[in-house]
Each structure stands twice: as C-alpha cells, then as structure tokens.
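> As listed in TrEMBL for this protein:
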| type | residues | note |
| --- | --- | --- |
| BINDING | 29, 30, 31, 32, 33, 34, 35, 36 | ATP binding site |
| DOMAIN | 1-340 | domain 'RecF/RecN/SMC N-terminal' |
Ligand SMILES: Nc1ncnc2c1ncn2[C@@H]1O[C@H](COP(=O)(O)OP(=O)(O)OP(=O)(O)O)[C@@H](O)[C@H]1O
C-alpha cells in the first residue's frame, strides 16, 4: 500500500507531499482542482507508467516544466520501499527503487497493485477484448507466480511467429517450431486464466449480491477455438490465412471474457449505470484473491456518483468501506462528502484521512474537517 507520495511538476501540481491512511483517503476539491491528477499519479506508479484516462502521457508533465517527478513510499510484505521516477515529455528517463536502478517501471509494479474505478471503467463491459484480457492478466500477475514467465515466453513466441509470417520466405519447419511454442504456452495460460475466472466468479457473486442483486452476472473464458480444437489445431487451420494477413489469429492474445446476464451478453443488455456496477463488481471481486496472495490493493475511486443513483452509490460505498484494502476516493466538497457519510453507516467507523486540493495545492484536513 502507498504510505507517502511526493509530486513535482505532475499535471497541475508544482509540489505536493502526502501521507496516506492505510484505509480510506478522501480527496476533496472543485472541478479542475487536481483530484483525478492525484489518483493518476498513484496509478502511474502502480501500473508501470500508464494512465487510466486517455490522452497523451507527455501531458503528465506540468506545462512549462522539463519533467515530472514522483517519489513514493510503498509498504509491501511488511517492508518499506522507496521509489523515485522522473518522466519527461519524451518518456521515463530515471527510476530508482531502494537505491537500485530497475530496467523498467513495470518491474516494480508488483509492489503496488492499483485498481482504478472511474467513469471509463464501463469499457470493461462495452469495449475491446484487449481491455478484458488486461483485466484478468492484471489479477493473475499479482496472484499467480507462474503467469509472468509464461506470458513473456508466449509473447516472444508470438512475436517470432508474426515476424516469420511477414518475412516472405517461410521455412515450414521453423513455422512449425513457433506454432508449437505459441500453442503450448497459450494452452498453459488459458488453463491458468480459466482457473482464475472460476475463482473470480465466486467472488463476483458475493460482490454483486451487495452492489446490484438483480444482476446475475456470469463470466467465462472465450478462447476463440472451435469445439474440441487445440491451439495447435487452430494455428494449422488458420495457417494460410495467417500468412496472407501477416499475423497469428489463434493463441493467448485472442482470448476474451464473455460477460453475460443470465444467458445474454451483457453489452447487448445493460444500461451504462448497470455496466458500471458490473465493471466495478469485476474489479472488486479480485480483492479477496489479492488478499489471499498476501497483498494489499490501492483502490482509486474517481467520480463515483456519475451515472449511479443514490441507492447503488450507497451500496457501492458500503462495500468499499469494508474491503480492508487502501482506498483513495474523490468528492467535491466537505458538505457533499458529509452527506455521503451520513447516508452510509459503514463509512462512519472507517479510519480515514481527508485532503483538500485547490489549483494543484494540497493540504490535509483534520477528521472533523477543520484545518
Ligand atoms: N500538463 C498539465 N500542466 C498543467 N495543468 C494541467 C496539465 N494537465 C492537466 N492540467 C490541468 O489540471 C487541472 C486538474 O485536472 P483534474 O482532472 O485533476 O481535475 P479534477 O479535480 O479531477 O476535476 P473534476 O472534478 O472536474 O473531475 C485541470 O485544470 C487541467 O486543465
């Protein structure tokens, strides 16, 4: 979990220094004050340098500054780690973890599992399959030791096979070799994903019973293979077409999660508000699995009220209050947050810290709201 964060020239922050609560942290501020940017900074560290909002990453650097700097103290496995990152508009140009220089920020992503619950999370239901693959692979990266080496091996095999397909001079024995490498590693990844989704389905049932009991959400791995077919069979079946197209159409990189309400695919059935509850439910269902792996997640919750009616918002807040994971949540001002707490008994007993942000300047508030 995140203990401390210092920002320099990140978005509209010149300088900020915050010490977080291990449970609930409420970030208050008007529109455009810098709430989302703060969550974005945390996400940047935990996701290996990504942002959860669209747009160019070069914009993370404050206008007119040369580089953004982030320093984080992260508690993982009861050890405090110190991480420093510098990002210029061109990319990350320096990383230090406990005095050492890792090759990439993604190498330290396992220290800080972050999940961002924000308005565009609905894309998990409505968007492209790549988002759902990234979603399940994120969970497996954190809970399944075998996953990352397997994924690297499969990615290397896919790259080699695609390069060969495009080379114009295909040696059938070489192609057969990469078929086998890609097929074997894909089948093993799919096996792990299937087991992961099955565990997730159990958790999802419990979360949805709180968030939205009327939605009977079912998830299932879709491999794109025909009935009884192995990945090796599919690669052979699609070989000529793969050669024509110059890429591999079967393998771990083509899987998807089928999200259904009863028997109907969710994207054809649900409203945006319902899709948001399903997406949040899927993310929150990962938390018990993260806990079982001995890790604590940092949840970034932005613009919670958007598209949710009061009842569902309160159900969600009630659930968030009891996860046992660290949460950073945004709200407009103290009266609106006080009203939320007033409606939600579970929030009253959670140990929390509040911060106020105005034009990129942050200050902590005492629990009563006065400075
Ligand atoms: N590179 C940058 N340099 C300076 N300011 C920036 C940069 N990128 C974004 N901003 C500004 O930072 C401000 C904070 O944006 P942010 O999205 O964090 O606000 P917010 O508090 O989440 O607002 P809302 O409540 O409307 O969602 C905005 O005014 C935005 O224009």
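Even glycines carry a Cβ here, placed using N, Cα and C.
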> Which binding-site residues among 29, 30, 33, 34 have CB under 6 Å of ligand 1?
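So the answer is 29, 33, 34.
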> Within 8 Å of the centroid of the Cβ atoms of 29, 30, 31, 32, 33, 34, 35, 36, which other residues of that chain place their own Cβ, given that this set defines the recorded ATP site?
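Once 29, 30, 31, 32, 33, 34, 35, 36 are set aside, the remaining close residues are 37, 330, 357.
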> Counting other Cβ atoms within 10 Å of each residue's Cβ, which of the binding-site residues 32, 34 comes out lowest?
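Minimum Cβ neighbour count within 10 Å, taken over the binding-site residues 32, 34, occurs at 32.
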> According to DSSP, folded down to helix, strand and coil, what is residue 36 (ATP binding site)?
helix
> Within 10 angstroms of the C-beta of residue 30 (ATP binding site), what count of other C-beta atoms is obtained when all protein chains are considered?
13
> If you draw a 10 Å sphere on the Cβ of residue 31 (ATP binding site), how many other Cβ atoms land inside?
7
> Express the predicted model's confidence over the domain 'RecF/RecN/SMC N-terminal' (1-340) as a mean pLDDT, rounded to an integer.
95
